[in-house]
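The next block holds one structure in the form of C-alpha cells; read it before the comments.
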Amino acid sequence: MNATPQRRFAIAGAGLLGRLTAWHLLRDGYAVSLYDAGDLDTPPAAAWTAAGMVAPLAETVVSERSVYEMGQMALDRWPGWLAELQASELWHQHGSLVVAHPQDGNELIQFRRDLADTLGEGALYQELDGSGIHHLEPDLTRFRHGLFLADEAHLDNRELLTRLLGAIRELGGECHAHTPVEVHPGEVTTPTGTHHFDLVIDCRGHGAKTNHPTLRGVRGETLHVTTNEITLTRPVRLMHPRYQLYVVPKPNGRFVIGATSIESEDRSPISLQSSLELSSALYTLSPAFAEARILEQGVNLRPAFRNNLPQVTLSDGLISANGLFRHGYLLAPAVVEHLLSEIRGHGDNPFADLLDGSAPRRPCRESE
Amino acid sequence: MHTQSPHDDALVLYEERFNSRFLLGTALYPSPQVMQDAIEAADCAMLTLGLRRQNPGGGNADGDGDAFWQILRESGCHLLPNTAGCRSAREAITLAEMSRELFDTPWIKVEVIGDDYNLQPDPFGLLEAARELVEQGFKVLPYCTDDLVLCQRLQEAGCQALMPWGAPIGTGRGLMNRYALRTLRERIDVPLIIDAGLGAPSQAAEAMEMGFDGVLLNTAVAKARRPAQMSAAFARAIEAGREAYLAGLMERRQTASPSTPTLGQPFWHATP
Amino acid sequence: MKASDPMHEITLSLNGEPARLPEGTPLTQALEAWGYGERRVAVAINDAFAPRSTWPERTLGEGDRIDIVAPVGGG
C-alpha cells in the first residue's frame, strides 16, 4: 500500500472533493498540502451551501442513469467513511418523500414515469396515500399522494466538512486558508511563491474556471429556517409545475430549503423573487412553517460542464476533478474512488469510462 | 396534378423564407448539452430566447464565452428574442428595443402577460405594444389568444404573422379551442403559428393539418425524457401535418364506404 | 446646469438594488466599474432603452433606475 510513502501531493480547493481526497491520501501515508482561496471554517464551497442529500433516484430523474449508478456508490461508501471519521451520527438513511398537491398530481405521475424510464419498472419506490404520508411524516397533513424512496439518505453536511478538516489536521495535513492558487503540472503558485509537488490535484469547482473553458457556474439559492412547530425525519421534495423545492431537516430544528437553478454566475444575495418562491412553496408544504425564522440565505455556484456531469482530467503531474453540478454529496464518493485509484495506480477504477474527461464522450461537432 | 412537397414549400414571414416550420424554445433543458442536441435534431426555422436582468458578477467574464450563447451561435439558427415576463406594453417595447440591439435583429416575439396564473396574453397591452413596434420597424410576431377580433386588430396594426396559443404555456393540452382556431385560419390571411400549449407531436401535426403555418414549442421537448429524440419527432410530425394539409384531407362522413370495391368479388351475391 | 461634483456621491438603483456612484459618472464608466466591461448586455434607464451609442455621453443622476439584461433561455 505504502510503496511510495514519500510522495507529496497538493490539493487545490478545500470543498467536499478536496477534503475527502486529502483525508484518504493522508490515511494512505502521503504528505498532503491543502489550499483554498477562502476560509476553511466557513468555506465558500458549494458543499457548504448544499443541503447534503444522497438521493440517487430523485436526482436521476433530472439527469441520467449514470448519476444513479454513481449514486449507488455513495450509499455504499458514506456509512463506512463516516464510521471511520467517528461521525456515524451525521448519516441519516430514512429515505425521502416526494409529494405534490392534488392539482399537480400529474407532476408525480411524470416523476414516476421518468424514474421507470431510466431505471426500469423495478425502480425501488413505494406509492403512498395520505395516511401513508402521515405515517412517515406525521406533520405533513396536506397531501393525498406521494412516493417514498426508501433507500435515499441525507447527511449533516456542514458538520461533515468540519470533521473532515479536523481529521486532515490530525493526520498532519498542511492546510492553507485564504490562499488562492494557480495550478500547473507538479506546481502550485500561491501569492508568495511557487511550490513543487509530485502531483497536484485540482478540486476547485467553479474556482478552476480559467483552466476549463467549458466549465460554467449555475447559481443556486437556498434558505435556512428554524422552527420547532414541525418535525421532518427525511428530505421532502415538492413537485410543482413552476417550482421544484426540497426541504432537508438538519439538527436543532433547522431546515434547508432549496434550491433555485439559474444559468448565471452571479453570486450576489438571493433575489426577492427566489426567496418568495422558496418560502411560499415551503408554506404550502405545511403552514406550520409560517412562524419559522429565516436564519440564513445561501447563494453559490454549482460547477458544471455542458452535460452537467462530472469529469476527471489526467495529465502528468496534474489531475483535475470537477463538474459535480447539483450532485456533490451524491457523486463525490464515485469521483474520489476514481481519483484515488488513478493516484494509487491500483485498485479497480470505478466509472473510468464515465468520468474520464481526456477522451470526449461524444465527437465534437464539425464547424460548418 | 400538381403536388407540392414540403421542400419547395417555404414558410414566409415578413418576406423572409424559412425551410422549416418548427420554432423551438431554449429554456428548461436539463443541461446545455441536451439543449444543443435537441436543437440539432429539430433542424428548426428559429430559436426563441429571452432577456433577464444580469447582475454584476453574473454571466461570464469572457462575455460571449458563456455556454448558452455559444450553443445558440454555433447552431446557425435564426434567433427570435421574446419579451417574456412583460406585464405592460411599455415594458415589452423597452425590452424589444434592448433585444434588437443585443441580438442585432428586428425580429421580436411580443409577449404581454395579463394573468399570472395561466400566463394568458393581455390583448390590450399586446395590441398597443405591437402597434408601436411595427411602427419602429420591428418584425413583430405577437403571442396572442385565439380571439378573432384581437387577431384582426393585430393584423390591422401591421403584424405580418400571428402566434395564437394552442393552450396555456407549459400545459401540454394541445389545441383547446378548435372552433376558434379553425375560425382564425379561415378569416386571417397572414401566416399563423401555433405557439404554446402543445405536448405531443400528434397535436402539432393536427395544427399543421388544419392549415396553420408553423408551430412554436419548448416545454414538450425540454421536459421530455429524451429531448433530442422528441424534437426530431416534432420535426417529422410538423412536416407530415403540413404535407397532409397540402395533399388535402378528405371530409369526415357518416356512412361507411368500403375502400375495396365488393361488387365483382367472387361470392358477393352469396351473402344472405 | 450645475457642474457635477465628482466628490459628491449619488444613489441609484441597479437592477433593483441600491448602488452608489460619484456624481456625473458617464454610463460607460459606470458599467465598467460594475463589472459589465465587455459583457453582452443591453441597458434601460428609468424604463427607457439606452442605446449603446449613447453610453459615453449619458451621465447618471440621483435616483436613476438602471436595468441591465443579458440573454437567457426562453420559449
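For all residues, glycine too, the Cβ spot is worked out from N, Cα and C.
Computed from a predicted structure; not experimentally measured.
TrEMBL lists B:A196, B:G197, B:N218, B:T219 as binding 1-deoxy-D-xylulose 5-phosphate, and of B:G158, B:G170, B:G248 the one it places in that same site is B:G170. Note: B:K109 (active site, schiff-base intermediate with DXP) has non-local neighbours B:T48, B:L80, B:P81, B:N82, B:T83, B:L141, B:P142, B:Y143, B:M163, B:D195, B:L216, i.e. same-chain residues 6+ apart with C-beta under 8 A of its own C-beta. B:K109 (active site, schiff-base intermediate with DXP) falls within a strand segment according to DSSP. Counting Cβ atoms from all protein chains shown, B:N218 (1-deoxy-D-xylulose 5-phosphate binding site) has 25 others lying within 10 Å of its own Cβ. Those residues noted as binding 1-deoxy-D-xylulose 5-phosphate (B:G170, B:A196, B:G197, B:N218, B:T219) have their most widely separated CA atoms at a distance of 9 Å.
In this entry, B:G170 stand out among the recorded positions B:K109, B:G170, B:A196, B:G197, B:T219 as having a C-beta under 8 A from a C-beta of chain A. Model confidence over the domain 'Thiazole synthase ThiG' (B:13-261) is summarised by a mean pLDDT of 92. In the three-state DSSP reading, B:A196 (1-deoxy-D-xylulose 5-phosphate binding site) counts as coil.
Applying an 8 A CB threshold to same-chain residues 6+ apart, the list for B:G170 (1-deoxy-D-xylulose 5-phosphate binding site) reads B:L119, B:A196, B:G197, B:T219.
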